[in-house]
Amino acid sequence: MSEPRQILVTSALPYANGSIHLGHMLEYIQTDMWVRFQKLRGNQCVYVCADDAHGSAIMLRAEKEGITPEQLIANVQAEHSSDFADFLVDFDNFHSTHSEENRELSGLIYTRLRDAGHIATRSVTQYFDPEKGMFLADRFIKGTCPKCAAEDQYGDNCEKCGATYAPTELKNPKSAISGATPVLRDSQHFFFKLPDFQAMLQQWTRSGTLQDAVANKLAEWLDSGLQEWDISRDAPYFGFEIPGEPGKYFYVWLDAPIGYMASFKNLCARRPELDFDAFWSEGSKAELYHFIGKDIVNFHALFWPAMLEGSGFRKPTAVNVHGYLTVNGAKMSKSRGTFIKARTYLDHLQPEYLRYYYAAKLGRGVDDLDLNLEDFVQKVNSDLVGKVVNIASRCAGFIHKGNDGVMVAGDAAPDLTEAFLAAAPSIAEAYESRDFGRAMREIMALADRANAWIADKAPWSLAKQEGKQEEVQAICAQGINLFRQLVIFLKPVLPLLAADAEAFLNVAPLTWNDHLSRLENHKLNPFKALMSRIEPAKVEAMIAASKEDLLAAEAKAPAGNGELTKDPLSAEIEFDTFAAVDLRVALIVKAEAVPGADKLLQLTLDIGDERRNVFSGIKSAYPDPSKLEGRLTMMVANLKPRKMRFGVSEGMVMAAGPGGEEIYLLSPDSGAKPGQRIK
């Protein structure tokens with residue numbers, strides 16, 4: 001028998017600035033299923049992760065909430081840990097990048113790279129927010145992508161085309177913090193000489209470490225020539241200060257992947273059988289796998305292996321990349337209630353429903369996965385309740401009633417037993433290659449055969465016939481053994497169901513090799529329902545709750561749209577000054593263009609007991625003035641009449657907006673009457 005494999009597995013680090021949602025959970029569930037399969041096979045498989053806890057976003061959010069960054073990341077880590085645990089994601093260690101292990105390793109890798117000549121320093125022209133008084137990190141600049149012209153993209157990479165670029169390459173930049181137009185200032189920065197590793201990366205990315213589609217995408221970047229990577233940020237910044245460089249900090253993407261190493265090192269201190277160097281030293285025989293989303297491929301498949309190579313550590317065995325999650329065929333939407341937080345899901349549905357559905361749809365590629373909620377309900381109910389659990393519920397009662405819960409010896413269906421045994425290697429290969437969808441299809445095909453065989457034998461009918469009790473017991477014992485096989489095959493996906501089934505079967509925790517054996521002359525525990533059907537009403541309630549989450553978040557947070565920066569609040573006034581302005585509801589009786597005036601409309605306003613003539617510069621936003629007629633608006637009624645070239649204007653209507661087409665005439669709520677005072 002071969003020696004157990006030594007395997008270290010990571011998932012991408014969730015950012016410590018927000019809640020986990022179902023899109024995130026796709027990756028952690030996928031990774032957890034693969035890890036559980038390896039452990040089920042008897043391999044030494046260690047699964048580590050951490051919160052990504054550095055960067056300007058965390059610093060600014062903590063400032064906004066009036067707490068320290070350390071308090072913020074501690075709060076978020078507690079929330080993340082709870083969500084992962086309740087989704088049955090079983091990390092061996094869930095750490096934080098804001099740790100002493102990560103500080104030490106980041107400093108070590110940097111100094112090794114520096115001493116080997118892989119770090120350059122030079123002055124860069126960098127964006128500075130004059131309103132906030134700080135240099136802007138890449139994620140706090142937004143503008144138009146210089147590669148594909150997609151708007152509203154971040155300052156370091158484009159979410160549409162995947163390109164990376166310097167913030168100064170971004171077109172039409174704006175500060176995402178204040179809305180101000182940033183100004184350019186010079187600053188001394190530190191660069192990782194990524195081009196030093198061009199040849200190594202061209203070979204490594206084509207060595208089977210990546211899916212073909214990912215390697216092909218990386219080839220585009222490699223063929224165009226790699227650029228030096230800016231790894232420093234200026235104070236103020238929440239992160240690790242670069243050794244020997246006061247006021248300069250490591251860019252979050254430098255120390256984030258080092259967080260994998262730090263989390264493992266933290267675990268090694270508590271698990272003496274684990275040796276850090278055995279997994280991370282150059283020439284290590286252990287296997288190292290990263291599971292990530294396709295949006296961060298460049299960091300994990302270019303920068304990260306180059307950093308490891310240059311600092312004397314081993315490179316990953318493979319980087320496994322998955323696509324995004326869509327819901328009902330579209331991008332997750334807060335307004336439609338399909339942007340579903342992990343906790344919102346858990347408040348309404350069992351975690352294993354989603355674990356199974358993800359498994360059933362996950363392949364080896366990088367295609368997006370669609371969570372179709374109607375199909376989700378149908379598939380879980382049909383496969384798990386209608387097929388797998390149904391076998392045990394059909395057979396258990398007859399064994400308890402007819403033989404005091406003891407399974408008889410013998411094999412009532414040798415051909416079926418052989419088919420289940422023969423399927424195991426293919427199912428194992430599907431798990432190993434992360435082709436979870438194929439594994440689920442093959443498992444459910446076995447469940448279909450088992451159910452068809454039981455239905456054909458119909459023990460419920462035989463139980464009513466004299467002299468058929470031995471046959472009933474043989475059929476049901478066979479059914480329970482087939483159910484046990486299915487539980488073993490599904491255990492990486494459904495650990496809770498497996499644990500409940502093990503309790504019913506009265507057996508120790510099952511391993512993969514247990515599929516080679518049978519239960520005979522074995523006492524079962526009383527059967528209890530192992531899984532209930534999904535009620536569509538619970539899915540609808542989850543969607544409604546997700547919409548409520550959005551409304552609650554909007555109620556708590558200011559718009560943050562930078563309007564007050566562009567047009568600051570005026571100086572305070574006394575109440576009497578405000579009270580001197582007579583605001584009234586007005587009905588627009590007539591609205592027409594003014595001949596010879598480019599911007600003006602002439603409005604006839606009814607304010608209850610009299611009519612007013614008002615000229616207003618809103619023509620650019622209302623090219624068809626007749627559409628304003630019959631509409632209520634608000635006006636300043638005691639403004640001194642003003643003589644104009646086109647006539648006398650007897651007041652002013654109220655509108656918002658910067659001008660041009662963006663002028664928005666204000667209206668009172670329904671029920672207001674012309675002439676009523678606004679107060």
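The backbone N, Cα and C atoms fix where each Cβ goes, and this holds for glycine too.
Here's what Swiss-Prot has on this protein:
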{"type": "MOTIF", "residues": "14-24", "note": "motif ''HIGH' region'"}
{"type": "BINDING", "residues": "C145, C148, C158, C161", "note": "Zn(2+) binding site"}
{"type": "MOTIF", "residues": "331-335", "note": "motif ''KMSKS' region'"}
{"type": "BINDING", "residues": "K334", "note": "ATP binding site"}
{"type": "DOMAIN", "residues": "577-679", "note": "domain 'tRNA-binding'"}
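Swiss-Prot feature annotations superimposed on the structure.
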| residue | record | CB count, 10 Å |
| --- | --- | --- |
| C145 | Zn(2+) binding site | 22 |
| C148 | Zn(2+) binding site | 12 |
| C158 | Zn(2+) binding site | 19 |
| C161 | Zn(2+) binding site | 12 |
| K334 | ATP binding site | 15 |
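Residues C145, C148, C158, C161 make up the record's Zn(2+) site, and a Cβ search at 8 Å around their centroid adds P146, K147, A149, A150, Q153, E159, K160, G162, A163 from the same chain.
Packing against the motif ''KMSKS' region' (331-335) from elsewhere in the chain are residues 21-23, 324-325, 546-547, 549-550: each is 6 or more residues past its ends and has a CB under 8 Å from a CB in it.
Predicted-model confidence for the domain 'tRNA-binding' (577-679) is 92, expressed as mean pLDDT. The two recorded residues C161 (Zn(2+) binding site) and the residue listed as 'ATP binding site' have their Cα atoms spaced 23 Å from each other. Sorting the motif ''HIGH' region' (14-24) by DSSP state (H, G, I as helix; E, B as strand; all else coil) yields 3 helix, 2 strand, 6 coil. A straight line from the CA of C148 (Zn(2+) binding site) to the CA of the residue listed as 'ATP binding site' spans 27 Å. In three-state terms derived from DSSP, C161 (Zn(2+) binding site) belongs to neither a helical nor a strand segment and is classed as coil. Rounded to a whole value, the Cα-Cα separation of K334 (ATP binding site) and C145 (Zn(2+) binding site) is 25 Å. Here the motif ''KMSKS' region' (331-335) is broken down by DSSP into helix, strand and coil counts: 0 helix, 1 strand, 4 coil.
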